[in-house]
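> Provided herewith is a single structure, encoded as C-alpha cells, for subsequent inquiry.
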Amino acid sequence: MGCGTSKVLPEPPKDVQLDLVKKVEPFSGTKNDVYKHFITEVDSVGPLKAGFPATSQYAPPCPGVPNTGHTAPPSEPPRRARVAKYRAKFDPRVTAKYDIKALIGRGSFSRVVRVEHRATRQPYAIKMIETKYREGREVCESELRVLRRVRHANIIQLVEVFETQERVYMVMELATGGELFDRIIAKGSFTERDATRVLQMVLDGVRYLHALGITHRDLKPENLLYYHPGTDSKIIITDFGLASARKKGDDCLMKTTCGTPEYIAPEVLVRKPYTNSVDMWALGVIAYILLSGTMPFEDDNRTRLYRQILRGKYSYLGEPWPSVSNLAKDFIDRLLTVDPGARMTALQALRHPWVVSMAASSSMKNLHRSISQNLLKRASSRCQSTKSSQSTRSSRSTRSNKSRRVRERELRELNLRYQQQYNG
C-alpha cells in the first residue's frame, strides 16, 4: 500500500458498521475451460502494451551486493539527523505521545516509522499518509474502512488515528518477523506441515474478513507478515489498500480491476463482476508457491501469462511434486479452478482433510527445491529498491511498483481483441 501510481484503486464501499479503533483524533472443482472461447487464437495476438520489511534474518541477500551489515554509506546523513527530519513532519499530538525511533519504509505518498509509546515503552509502527494527494487519500480511506472494523489475531491491528488537513497518522501494531515472501526465498524448503500451518492462519483471517463482507483483493506472500522472527510466529494479513468492504445485504459483486498479475483470478481478467472467491484463487497460488518455490502461472509476457490463468493451466511436473501428497494437490486444485462457483470457500478450505490433519499423511520431509527465476528476480529488484536496513514493519508502504500491477488498459485491450475475434 502506498505507491503513488502503482495500483488500480477499488471502488468506495458503502457505510461501514463497526469501529473498534481505540481513538480517532480529528483535525481541531470443475474443468478449467470456462473461458475457452475467450483465449482462442490468443497466440496470434501480439503482446499487450505494458503499461519494505527490509532485510531481516529471513530476507535473502541482494545479488551482487556485499554484506557489510548496516553501515551507512558515507553520503548518508547520520541516523539522528534522519530521525529528526521525519519527526519534524509529525503532528505535535503524535510526538507528544510517541517517540519516533526509525524510518522503516516509504512509498510515493507515505512513510512508516517505528515508534515507542512514551508512557508504556510499547513499540508500534506509525504510517503517515499524505492525504493532500488524491491517490494517497483514496488508499488511506480504503485501508481505514477495513482496519476500523476488524479485530483478529491474524490481521494487522490499528491502534489509533490522528488526522490533520494534509496527513493521516495510523498507529498500528508492529510486526518484526518479515514477509512470508522473504522466508520462502531464504529458507529454500518447507514441509507440508509448515505449509498447512501458514495456510491455516491465513485462511482463518480470510474467513473472518469474508464474514464481514471484506475482500482483500491483493493476497500474496509479500502481504503476509510474521509477527516475530521465531519459527512459531503467527502470520498477519496486511495491506488493505485494494480491499473492498461492504455491509451485509449489500450487493456482493465487485467490478474494479485490481491486483497483482500472477495472483489475479480469471474472472477479473475478463472484467466480469466477481465475488470474494478471488481471494481463494490467490490462496491457491500461495499454496503452490509454498510447496514448490515456483508460481503456477508465470511468464514475462503478460498476454501469455493471462492465457495460462484463463485456462487454469498449471502442472505438477518436476521437483518437488513427486514428493508432495495427493491431498496437497487436491487442495490446490480445488482453489485454482477457473469457475469461481466451484472454488472452495475459506471455511471449506479450513475443513479440507489436508489442512485439518496438518498434512499428517505426507512424508514430513523438507521439500527441497530451487526457487524459480521469477521469484528470484522479484527478490533482487526488491532488494535494490529497499529504503531501510531495519527488520521491523507493520503494514507495507512500498515494494509493489508500476510494472507489478494489473492495468485497466491492458485488460481493455485484451477484451477488445477478444470481441474482435469473437465477432469476426
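Just so you know, glycine gets a Cβ as well, placed from its N, Cα and C.
Feature table excerpt (Swiss-Prot):
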- D218: active site, proton acceptor (ACT_SITE)
- I104, G105, R106, G107, S108, F109, S110, R111, V112, K127: ATP binding site (BINDING)
- 381-398: compositional bias 'Low complexity' (COMPBIAS)
- 98-355: domain 'Protein kinase' (DOMAIN)
- G2: N-myristoyl glycine (LIPID)
- C3: S-palmitoyl cysteine (LIPID)
- S380: phosphoserine (MOD_RES)
- S381: phosphoserine (MOD_RES)
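Buried or exposed, and what's around them? Tell me for each listed feature.
Long-range neighbours of D218 (active site, proton acceptor) (same chain, six or more residues apart, CB within less than 8 Å of its CB): D239, G241, L242, A243, C258, G259, T260, Y263, A282.
Other C-beta atoms found within 10 angstroms of the C-beta of S110 (ATP binding site) number 28, with every protein chain shown included.
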> So for S108 (ATP binding site), how many other CB atoms are inside 10 Å of its CB?
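The Cβ of S108 (ATP binding site) has 16 Cβ neighbours within 10 Å.
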> On the 0 to 100 scale, where does the mean pLDDT of the domain 'Protein kinase' (98-355) fall?
93
> What's the most sparsely packed of the binding-site residues I104, V112, counting other C-beta atoms within 10 A?
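Fewest other Cβ atoms within 10 Å, among the binding-site residues I104, V112, is found for I104.
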